[in-house]
Each structure stands twice: as structure tokens, then as C-alpha cells.
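Encoded as C-alpha cells, the structure appears first; notes follow it.
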Amino acid sequence: MISNSINVTPNKESKMYVVKRDGTKENVSFDKITSRISFLCEMEPKLNSDIVDPIEVAQKVVSGVFPGVKTTELDNLAAETAAYMSTRHPDYGILAARISVSNLHKQTSKSFVETVKKQYEFINPKSNLLAPLVSKELYEIVMKHGERLESVIDYYRDFDYDFFGFKTLERSYLHRINGKIVERPQHMLMRVSIGIHGEDLESAINTYKRLSEKLFTHATPTLFNAGTPSPQMSSCFLVQMKEDSIDGIYDTLKQCALISKSAGGIGIAVHKIRAAQSYIRGTNGTSNGLVPMLRVFNDTARYVDQGGGKRKGAFAVYLEPWHADVFEFIDLKKNTGKEEMRARDLFYALWVSDIFMERVEQNGDWALFCPNEAPGLAETHSEEHRALYLKYEATPDLPRRVIKAQELWFAIMESQVETGTPFILYKDACNAKSNQKNLGTISSSNLCTEIIQYTSPDEIAVCNLASIALPKFVRQKVGSTDPKEKEFDHQFLFEITKLITVNLNVIIDRNYYPVAEAKTSNLRHRPIGIGIQGLADVFIKMRMPFDSVAAAKLNVEIAETIYFAALTASHELAIRDGTYESFKGSPASKGILQFDMWNVTPSSRWNWAELKDNIVNKGGLRNSLLIAPMPTASTSQILGNNECFEPYTSNIYSRRVLAGEFTIVNKQLLEDLMELGIWSPEMKNQIVAARGSIQSIGGIPDDLKELYKTVWEIRQRTLIDMAADRGAFIDQSQSFNVFIAEPTFAKLTSMHFYSWKKGLKTGMYYLRTRPAADAIQFTVDPIVSQTPKPVENNINSTTPLKTPTKTPNSSNRISTSPTNNLTSPIRFNITQQQQQQQQQQQQQNNNEDDLANYDGMTCRREEGCLVCGS
């Protein structure tokens, strides 16, 4: 443990001793270890003394001690011991965090001023040159206002993080000098707040207070870089190829490298790059097409990581399905095939038009073109795009190939089943329902598919992000004495959303831009992106099953409140500072807001008529775009919430940190089962055996089974409906994952067409599937393990959940026979027994049962049909 849990008098004959921070040796004292743990248990809020046993924790710690263990190592051992016991009760997880935080506090200064000074005066030991970790501006502000800033920092709030949230901060977010952490979490939050607001001390302090209360969080690049010498605080960059030439391609490549170096994720539109075998006038040669070029981008993403090794570089590449290289494009991430035709470190997305979806549905023809020979397709959308496509399609000898649209469609499905990609976004919906439609045709989204912004060769779109911790807005119902009776505080959400809007707007002006084109775009259009995390936790707290009518209603109400608040704040900023440069001509300037573009009427909770009038006649807006629910992969782990707007994927899972793997139980479920008196190691093992589900476990009440459904037990139609419902109040888009346990082409087709017809902009971010056999199983009791069922794949505590890789087998591989084309339906090569197994599995998957058969396509109803599943 730490120094005050060690005997004061050294004893050379002692079998166990520790090495203190000053190098001296002292005996291990069981009593003092116990006393130290007891002290941390008694901190407010006190841990449940009937559950948490300091003596047992101390016994386990002592059993792992070795002679010469360092006090910091002893603390880490104690924290890990408590974390392993968190499946008994969440309070053990809190204890683990308290031990870890206490350990960090003993290794770092409690003075923010001293910490900043140390970072500013850091000298690189290898070069012997000054290498400040914080900016001169931050240093001068802290030196000038140090006493005031110190007075508002509440270090006690460091203890509010759970063990895994704290470990995520410790691993990547807190500043280090020579490998040793020098920041506390509260130091980081104050650094970020001052980095955003500078000399505006009151705004900085208010931001710090709200961040430390865990009401919201800024995005990872902001937490990384705010207050540093190069404060690149933006998350998302959207790049368009400068031009289809060597100069244009390599200029774009350099831009991507500079952005990635500064911790930005990138979306690249490559529609304008000529297809393979296209004529090159300058050399009288032919083009190699997209694949060799993208392999160069792939190597750049690998080489130039984000923030100096904190995160890998990440590029998403967007292509429209009329491009002649589209078949090679969608295969680039596959695990099999020629290596020179693969670029697996990039992410791939299709920018899909309505006319393509219609042709697939009708089993019609689809023409593929080279953009050099059929110009303008990437620069148009909706009816203009349709007219141009039809014109080119009817031009003799212009199409490179004419295929059946379903041939390309099923190649897309095959790639999605194997790799989880390509992402699917609907080009016409993205353009038709954008407040930037006055600027021109939007040609791509970003890395995570939630940012929809205009780009051009001279403008790289940028977006600054933050997410709201929704569980913090659930409170006890006013007037009720029942602590379980909850309500959602929309007024408080309104106030915090306004604060976030102001913060993100300030970042636009104070940000460091790695390339000039990004600064040009961001200052002209001033878009921001506000997201959410913990929606599933809100529903559980309010005792609303995720697929209930009440949850569907609250889902829309939350989205409406956030949109109204962000618009209100942006309008108030416009009154003070003026509208953004390109406001004139935008839909908002004409009184058309996002829900109008969806033909949705908002509720009467907020005064929309007054707000519209204010925007049109009394000041406009400061920001062109405002709402963009993102994945929140890392930041939701820091704050201890479920990701973004998604249901839980499992009620029990494994989380890996540097110290090892830990079993995690949904803490709210655990508390409910403990209250009923039915939580036990046997119950835990039953949940493990059921792969994180409680639906088949006897003794658990039906209302809890409804409340704790996992995403695999919720109909995919419900998730799409909820995405569309809140979509009317999302002026960018949302990182919408699709969950199908055992995907078939029929299920995927049904899901995609349902999403498209519901009007979603992002039809699919990742396809999340469930492996038939999971890679890692927990140990279960022999009685339970007689009929073992593996649990969910491990989730790394600092990275998003990865889609399990699936290699096509005989049940989902397309035949390579020349006769197997889309003039007649493609067949699975499956046996009758395999087909029966698939049908049985299909019936078992509740989340797909109403989407499994799509009869909108032309189909002969032949045995093994991919479309209808017959």
C-alpha cells in the first residue's frame, strides 16, 4: 500500500518489506493495510459496510506481496484486487478507484500552479532544450490567477471516477514528464477549461465546474491538446481530393498526414479519381485506378499516428457506387485475396444515391463510369444527380460496365458480413436535409459517419465535438417521496447544452489548424457537433425498457431539447458576434429547421415559433450545424456511461487494462438483483453461460428481464425507428451501428432498405455481429458449464468495440461460377440441413424477426435465395 500503511521501524529479519518512495525499507503491516482500506471505504459517500470487507481485501493484497515491493506497486495490487471483486458489488469498483486515485495524489503535486510551471519549464533530457507541455498563454494565465484557480479546484472529485474510467485517463489523457504522470484529473480539466476560454476566467471556471461534475465531456483531441503549444482541439476533418493528378493526390496525402499528426480523424472523398485503365493525357498512359493510390494512404495512416502514439491514425474513404472501381474498393479490407489489392488499415464507406437503391430494389441495370469520362456525378445530388446519371447511362459507349444493381449490392453485403464495412450513408438524404445545402453538394462524411459538412478543393471541413452525460439529468421526481420515482430534467439539460454550444464555438476561434484549408472552412461556416452518452443508462434509471413506448418518447424529447438549446445559444452568440459568413441563403435563414426537412412537427415543450422568428428576423445563427451524436468510445468509459445512444451489448463482459482483464457486471442490474436477494456467484455464472443475457434465467422477475434486454434482444426495427425519430432534431447525422447476431444477406438487405426508407442519413456505421463461438470464456462452475455458452468478446477499456472478423464459409460465399450472376437470383451454396439451421437461428433472433424477409425485390423464390431467405 502506501507509506502510512507500513511499519515505521525496519526489521532486517522480516520476511516481507516494502521500498518507500525515498528508497528506505519498511516492514509490511497487515493492520495498517486494513486501516488504510477502511479509511478509503469511509470517505463520502461511504461504501456499504455490509458488503465491502477491508480485511478480506487486505488478506488478498498481503498474499500477493513479495520482498522489496514498492509502495506504488502495493497500491496498484490493492486496487486491482478490489477491481477483481467488483462482481460482488459495484462498491468494490469504487474502492479500487479510490486506491488508484489516492496513489496518484501521492505521486503528484496538489498545486495546479506548480504542476503547470513544471510542465512549462520541462527540458527534454535528450536534447537539453526547453520542450514545454503547455502553452505560454496558459502558463501566464495560471501564474497571474493562480490563487483564484486553486480555490475552485476540487480534488475530491477525482474520487468520482470509477476504476476503469480512471485507468483510461491514466493511460492516455493525463500529461507525463519522462514517462511519469504529473497531472491529476482535476488539473487536466482546468487545463482544458483555460485552454478553451483563455483570459475569460469566469467562463473557464464555470466550464471546469461542469466538467468536474461529469455533466459533459469534450472530445478526446480537446482533452489531449487544449492548453498545449499546438492546441488542435478538433475531432473530425473531411477532405476532398484536390484534383485528379499527381500534384492533387500528393497534396491531399500531405494534408491527411498533417491532420493525423494533430490527432484528427479523417474522411476522404475519392469520387473524382479516375478509374483503372483510364487515359492519362500527360503521359499517354493509363491510370492504375483507386487501389494503388489507397494503399499509399493506408501506409500514411499507419505511419502518422494521432498525438504522438496516443491513437492510431484513422482515415475513412468515401466512394459513390457508380465509380468503375467500386468492386475493387469494397474488397480492400477483406482478409483474403491478393495482398496488392488490399489496404486493411483504412476504413471504407459508400456514398449511396437514391437511384442506386431504387435500381437494387427493382433488380434493374446499373452503369459504372469513370469520373474523368462522366463528369459531374459527384458534384450533384437528388434530382439533378438522377438526371445526369440517366443521361450518361443512355450515352452509347460511355458506361465502363453495365451490371445488375443487385450484383454490386450483394458484393457489398458480402464485405459487410466479413469485415463490418463498408459504412453506408445516403447521399441524397445527407444533402437534402442539411443546413449547408446552400454551399454546394456535400461529398462525404467523416471517420465515424456523424459529420455531414460541405468540402471543396479549397475547404477542408472541421468539427469540434462534445458529448452530454445524460444520466446526470435524471433526478428524483419532484413531489415524490419514493427514491425510485424519477424524472428527466429538461431545463437543466437545456442550460448545459447552451454552455457546451458556447464552448465549442469558442474552440473554432482558438483552435490550431494543421492546414490552412481547414481554418478557412471552419471560420466561414462555424459548425459544431454535440452528442450524447448514457441513453441506455437513463432508460434503466427511469425503469423504461429500451424498446418501450415511454423510452421512444423520451428519446425524441431529449433530442428536441438539445437541438432547441443549441439553436438558442447559437442565436444569442450571433446577436453578439454576428452570423457565420455563409448564413445567408441557408435553410435556417429562411426559417427552415431540421425537423421541417423531415416533415416532423415538434412538441409544445419549447417555443419553436419564437425561435424561428428570432433566427430569421433578429440575428440569425452563429453556427451552421450543431448536433452530431458520435460514438463516445473512450469518453463514455471515462465517465462510466454506456456508449452514445446504444443499448447494452451484454450485461456481463470483460474489460482489459494494462493490469489485466476484469469481469464487469452491469452495475445497475447487479444492484437490482442484490436488492431482490438473488445475486450470487451462481447467478453470475448463469449470466456468463447465457452470454450476458438474463432472459432465460429463472428467478429473475419479468420486469427486470424487459429492462435489461441486450441489443441482441431488441428488434433492429426499433433501433432504426428511434434513430429516425431523433434524426428530425439532428442537423448533421449519427454514428448508427447495426446489430445482427448472425447476418444473412436477406437480413442485411431488409435492414438497409428499412433505414433508407425511414430517411436516415447514416444507414450503417459498423455492422456488429456475434461470433458463433467467442474467443474468450469466463470460468464457470461445473454445474453451469455442462452446457457452456460462450460470452461476448472482450472490450478493451480504451478502444471501441471491434466488429468480429468473419471469413465467408459455404453458407455465405457467393459462387464464382460465370453463370451465377444477378440476371437470376444469387444463391447460397448451402445444404438443406444448413438452411434449416439458418431458419431456426433466424426465428431465435428477436431483434431481426420483423426484418428478416424483404419482399420488395424481384425474386423467383428459388431455394437458397439471398434476398428473401426462401
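Every residue gets a Cβ built from N, Cα and C, even glycine.
Note that the structure is predicted; figures quoted are calculated from it, not measured.
On its own chain, Asn446 (active site, proton acceptor) has Cys236, Phe237, Leu238, Gly265, Ile266, Gly267, Ala316, Cys463 as residues at least 6 apart in sequence with a Cβ closer than 8 Å to its own Cβ. Annotation comment: Swiss-Prot describes Asn446 (among others) as active site, proton acceptor, evidence class similarity to another entry.
Every protein chain shown contributes to the tally, and the Cβ of Glu450 (active site, proton acceptor) ends up with 28 other Cβ atoms within 10 Å. Among the features that Swiss-Prot reports, active site, proton acceptor is placed at Glu450 (among others).
Residues or ranges marked as ATP binding site in Swiss-Prot (evidence: similarity to another entry): Lys20, Arg21, Glu26, Asn27, Val28, Ser29, Phe30, Asp31, Lys32, Thr71, Asp75. For Val28 (ATP binding site), other Cβ atoms within 10 Å of its Cβ number 21.
Packing around Asp244 (dTTP binding site) is summarised by its Cβ count: 17 other Cβ atoms lie within 10 angstroms of its Cβ, all protein chains included. The feature dTTP binding site is assigned by Swiss-Prot to Asp244, Ser245, Ile246, Lys261, Arg274, Arg281, Gly282, with similarity to another entry given as support.
Positions annotated as disulfide bond by Swiss-Prot, on the basis of similarity to another entry: Cys236-Cys463. All chains included, 28 other C-beta atoms sit within 10 angstroms of the C-beta of Cys236 (disulfide bond).
Annotation source Swiss-Prot lists domain 'ATP-cone' at 16-110.
Secondary structure from DSSP puts Cys236 (disulfide bond) in a beta strand. Under the heading site 'Important for hydrogen atom transfer', Swiss-Prot lists Cys236 (among others), citing similarity to another entry as support.
The feature site 'Important for hydrogen atom transfer' is assigned by Swiss-Prot to Cys463 (among others). For Cys463 (disulfide bond), the Cβ neighbour count at a 10 Å cut-off comes to 27, with all displayed protein chains included. Following the DSSP three-state reduction, the secondary structure of Cys463 (disulfide bond) is strand.
Look at Swiss-Prot and you will find Tyr765 (among others) tagged as site 'Important for electron transfer'. Around Tyr765 (site 'Important for electron transfer'), the same-chain residues six or more apart in sequence whose CB sits under 8 Å from its CB are Phe423, Cys448, Thr449, Pro631, Ser735, Phe736, Asn737, Val738, listed in sequence order.
The site 'Important for electron transfer' annotation in Swiss-Prot covers Tyr766 (among others).
According to Swiss-Prot, the feature site 'Interacts with thioredoxin/glutaredoxin' maps to Cys865 (among others), an assignment based on similarity to another entry.
The site 'Interacts with thioredoxin/glutaredoxin' annotation in Swiss-Prot covers Cys868 (among others).
Mean pLDDT for the domain 'ATP-cone' (16-110) in this predicted model: 89. Rounded to a whole number, the C-alpha distance linking Glu450 (active site, proton acceptor) with Glu26 (ATP binding site) is 56 angstrom. Helix, strand and coil counts from DSSP across the domain 'ATP-cone' (16-110) read 57 helix, 9 strand, 29 coil.
Looking only at Cα atoms, Ile246 (dTTP binding site) sits nearest to Tyr766 among the recorded positions Lys32, Asp75, Tyr766. The Cβ of Arg274 (dTTP binding site) lies under 8 Å from the Cβ of Asp244, Ile280, Ser287, Gly289, Cys370, Pro371, Asn372, each on the same chain and at least six residues away in sequence.
The Cα of Ser245 (dTTP binding site) lies closest to that of Tyr766, out of the recorded positions Glu26, Phe30, Tyr766. For Lys32 (ATP binding site) paired with Tyr766 (site 'Important for electron transfer'), the C-alpha to C-alpha distance reads 50 Å.
Summary: among the recorded positions (Asp75, Ile246, Lys261, Arg281, Tyr766), the fewest other C-beta atoms within 10 A of the C-beta are counted at Arg281.
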